[in-house]
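Notes to accompany the following structure.
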Amino acid sequence: MTDAPASQFTPRVFSGIQPSGGLTLGNYLGALKRFSEMQDEGRECIYCMVDLHAITVWQDPDKLRHNTRELAAGFIASGVDPEKSILFNQSAVPEHAQLAWIFNTVARMGWMQRMTQWKDKAGKNAEKASLGLFAYPALMAADILVYHATHVPVGEDQKQHIELTRDVAAKFNHDYGVDFFPMTEPVIEGAATRVMSLRDGSKKMSKSDPSDASRINLTDDADTIAKKIRKAKTDPDALPSEAKGLEDRPEARNLVNIYAAFTNQSVDQVLAEVGGKQFGEFKPMLADLAVAKLSPISTEMARLLNDTTEIDRVLARGAAQAREITVPILKKTYEIVGLVGA
Ligand code: AMP
Ligand code: TRP
């Protein structure tokens, strides 16, 4: 039995973001910007607010409702067009959770135990972590495979979960003797697959970092963005003229990566332009660029959130479109497994 290569399946892009509050520049450059670019390349794209994943750690219900709509606004303001892509929230499409249950029976405990996100999030207190947090990657595999999605744009940190998705697909296909689920490819591209903290170049920029100065939030105003970049940790040296010169300079490399991602250039192209400059000169250039790119997004997010009926309408329509794909795939899965009455 050979594993089904992604190429046997119609190319289809799927990705998700948790509505667990606050979008950062890392989410924008590592995910949202890439999502709208893939859509604009004319691919079939499906994007999801993974609220069922968010509740694997405690979420205040009112905040979760707000964060889901804010995230939807973030998608749309970043260029995801609901006329071109399917945009919805996970809990509105019950087939995700239904397929996840089947995958809970396919995935092995040992696979889950090896997940670095599980180890990081559960920490030393794994006994107290929710069962859902442990099973999180099986739900993620279901998110992707319930569409037979072939390509998943994500940041570097999600690579291991996509590998597990392939393991689930391969084991299901093998155990049931079918070529039903594709071997999904992660799409980890661009200069900013891992945007680092502005205060510590060894840590990922994250919405959960206690220091607000460590990140740029998509809701920050122009002054705040400029101030955070001016205060970003750097070193005293001038910028090099080639990428190799950034090797042992994580903070400098991070700022150059951010510049490269915003301007869709390679790091070498950026350094050809700014090599030799001091940070006193480069930081204002980066701040102007960040403000120019992010301000329209935060303005549009605020406008969309002013009246959430539009967002709710978009999400309801997206869920109906999504179910046109998921219902037949789940039905076929039930048949393969021998569940009567799908
Ligand atoms: P999360 O907010 O952790 O649910 O992440 C949503 C998406 O943003 C995923 O594709 C992540 O890989 C991506 N992402 C989150 N933080 C960063 C970061 N600092 N750099 C690049 N991508 C990121
Ligand atoms: N685990 C992803 C994250 O934390 C979110 C996610 C859930 C996802 N389901 C997905 C990403 C399916 C891509 C595809 O960022």
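Every residue gets a Cβ built from N, Cα and C, even glycine.
Note: TrEMBL annotation is automatic and uncurated.
Of the residues proposed, VAL146, VAL195, the one TrEMBL records at the same ATP site as GLN18, PRO19, SER20, GLY26, ASN27, GLY155, GLU156, ASP157, LYS204, MET205, SER206, LYS207, SER208 is VAL195. Across the range of the motif ''HIGH' region' (19-27), the DSSP-based residue counts are 3 helix, 1 strand, 5 coil.
It is ASN27 that, of the binding-site residues SER20, ASN27, has its Cβ surrounded by the most other Cβ atoms within 10 Å.
You'll find the Cα of ASN27 (ATP binding site) roughly 19 Å from the Cα of ASP143 (L-tryptophan binding site). Distance noted between the C-alpha atoms of ASP143 (L-tryptophan binding site) and GLN18 (ATP binding site) is 12 Å. Most buried of the binding-site residues ASP143, GLU156, LYS207, judged by other Cβ atoms within 10 Å, is ASP143. For the recorded site, MET205 (ATP binding site), the DSSP three-state label reads coil.
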